[in-house]
Amino acid sequence: MSQKLNDAIPVFASVIVILAFLLLMVVFRSLLIPLKAVLGFVLTLTATLGFTTLILQEGVLKDVFGISETGPILAFLPVITIGILFGLAMDYEVFLMSRIHEEYTLSKDNVHSIKTGLRESGPVIVAAALIMFSVFISFVFAPDSMIKSIGIALGFGVLFDAFIVRLTIIPALTKLFGKASWYLPKWLDKILPSLDIEGHDLKDK
């Protein structure tokens, strides 16, 4: 069973990343925005699994988290981590980038749009991340090592993604690439369906 789960993880991760890239490309009419989003998730996942391995397998800070015995990470943990963290990461991504995209559509000013998005969506992302962190970190106090491992992975992952990736790296890269962040080839723009998540169509009506 463990080997089957290990073999399925790359396929599982690849499918959800590709689907997310395609959906975000349709929503934001950009190639770089979805690329940064999914690469940001890969960074979050790598950091989370690395941090979890240090604690559960190498024994770093094990006393802080009440880990009595170290050992290999259970096969199901990466699957749960990928599924839950991916959903939260894309949630935070849409919170932030939809506001930035809305402002950029109106002003065509990339820097102003990023500042507006961070100012208006940042507190929402911070609050949402802290709520989820408080839920996940409570798992660490459970006597069951399986539940502890889930709490450690998800607690670290949600903080890393929200504060390091979504609120720091993504805005910085969006500013760095400038207008190129919003580039989509005209031929591709014509064949992609239109999704109006900001409600511009309703305003026009």
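Cβ coordinates come from backbone N, Cα and C, glycine included.
Bear in mind that TrEMBL entries carry predicted annotations, made automatically and left uncurated.
In TrEMBL this protein carries:
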type	residues	note
DOMAIN	12-186	domain 'Membrane transport protein MMPL'
TRANSMEM	12-31	transmembrane segment
TRANSMEM	38-56	transmembrane segment
TRANSMEM	71-90	transmembrane segment
TRANSMEM	124-143	transmembrane segment
TRANSMEM	149-169	transmembrane segment
Feature contact check the transmembrane segment (124-143) with the transmembrane segment (38-56), CB under 8 Å, 3 or more pairs: no
Top Cβ-contact partner of the transmembrane segment (124-143) among 12-31, 71-90, 149-169 (pairs under 8 Å): 149-169
Surrounding residues of the transmembrane segment (71-90) on its own chain - C-beta under 8 Å, 6+ positions past either end: 1-2, 5-6, 8-9, 12-13, 16-17, 20, 24, 37, 40-41, 44-45, 48-49, 52-53, 56-57, 129, 132, 146, 149-150, 153-154, 157-158, 161, 165-166
Outside the transmembrane segment (12-31), six or more residues from its ends: residues with CB under 8 Å to it: 37-38, 41-42, 45, 79, 82-83, 86, 90, 93-94, 97-98, 101, 181-185, 189, 192-195, 197
